[in-house]
Amino acid sequence: MTWGNWTTVREFILVSFSTLSYELQALLFLLFLIIYLITLMGNVLIILVTTADSALQSPMYFFLRNLSFLEIGFNLVIVPKMLGTLILQDKTISFLGCATQMYFFFFFGAAECCLLATMAYDRYVAICDPLRYPVIMSRKSCAQLAAASWFAGFPVATVQTTWIFSFPFCGPNRVNHFFCDSPPVIALVCADTSLFELEALTATVLFILLPFLLILGSYVRILSTIFRMPSAEGKHKAFSTCSSHLVVVSLFYTTAILMYFRPRSNTSPEHKKMVSLSYTVVTPMLNPIIYSLRNNEVKAALRRVIDRTLSPRKL
């Protein structure tokens, strides 16, 4: 039998939340649709406000715009298909469609890990080396760091997705998830995947754990510098500039580590779906809310943009 004859699967079936009743799936559809619309509007609003307001042209808001673009892309890859499986009961996804969804999931996920580390570095320089901040975080440097974060998603997405879909799929095609994530898809492969799983673990360490350690190291230095500041006002101002990022990082990495660093035998498929929902659906919605509510500069800029939009133009 040739390798080509082994690959008989032409489409996959996303199990999604099919164990629930149709009525409950309809309620989930409404809930996730509302969250999806809030996510899109919130991130688009962050992009528009930080672009239009002259007071928000610092590196921190440049990286925040990039994060909002990533969150929009991440959401578009996962949520529309999931909504379709809930309300239309269309749970099939083509072989190519599954590969494409997985590719962009890896791409946006790896890019976001790197961008969050870049944002932590920006806060580290701003607080720990403020005199050199304009030189270190110049417009050119910011563009290069953002481009490097986006580019980091390409190698991991290309290697992981190409490798997975070069395996033979010769039997079951039910993916026990609401999107084409690698663990439930690789479980359908009828070949030895031990070498791939070793590579996947290495990629997970490089693109999740390593950026997390860099962020952790940055915040250890940041907190050390803040605690040495003489005035309470200086401490409050310094901490307020990085508190939003710290909350976002905590949400993202807590769920990512729970998902990809727990032993398989200790985690049920239903629990994995719940954890996946937190970082694919909930966290992208919370990010613009956190940056809006916890950041006085963004709130002030939002008020200025609203005032300029609603106030009558002077003749």
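Cβ coordinates are placed from backbone N, Cα and C, and glycine is handled just like the others.
Under the heading transmembrane segment, TrEMBL lists 26-50 (among others).
Look at TrEMBL and you will find 42-291 tagged as domain 'G-protein coupled receptors family 1 profile'. This prediction places the mean pLDDT of the domain 'G-protein coupled receptors family 1 profile' (42-291) at 88.
Sequence annotations record features per position, and here TrEMBL assigns transmembrane segment to 62-83 (among others).
Annotation source TrEMBL lists transmembrane segment at 103-121 (among others).
Annotated transmembrane segment per TrEMBL: 142-165 (among others), in sequence order.
Non-local neighbours of the transmembrane segment (201-223) in the same chain are 109-110, 113-114, 116-117, 120-121, 123-124, 127-128, 152, 156, 159-160, 238, 242, 246, 249, 253, 256-257, 260-261; each lies 6+ residues outside the stretch with a CB under 8 Å from one of its CB atoms. Annotated transmembrane segment per TrEMBL: 201-223 (among others), in sequence order.
According to TrEMBL, the transmembrane segment annotation covers 244-262 (among others).
According to TrEMBL, the transmembrane segment annotation covers 274-293 (among others). Counting residues 6+ beyond its ends, the transmembrane segment (274-293) has Cβ neighbours under 8 Å at 32, 35-36, 38-39, 42-43, 45-46, 64, 67-68, 71-72, 74-75, 78-79, 82, 177-179, 181, 244, 247-248, 251-252, 255-256, 258-259, 299, 302 in the same chain.
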Considering only Cβ pairs within less than 8 angstroms, which of the stretches 26-50, 62-83, 103-121, 142-165 has the most against the transmembrane segment (244-262)? 103-121
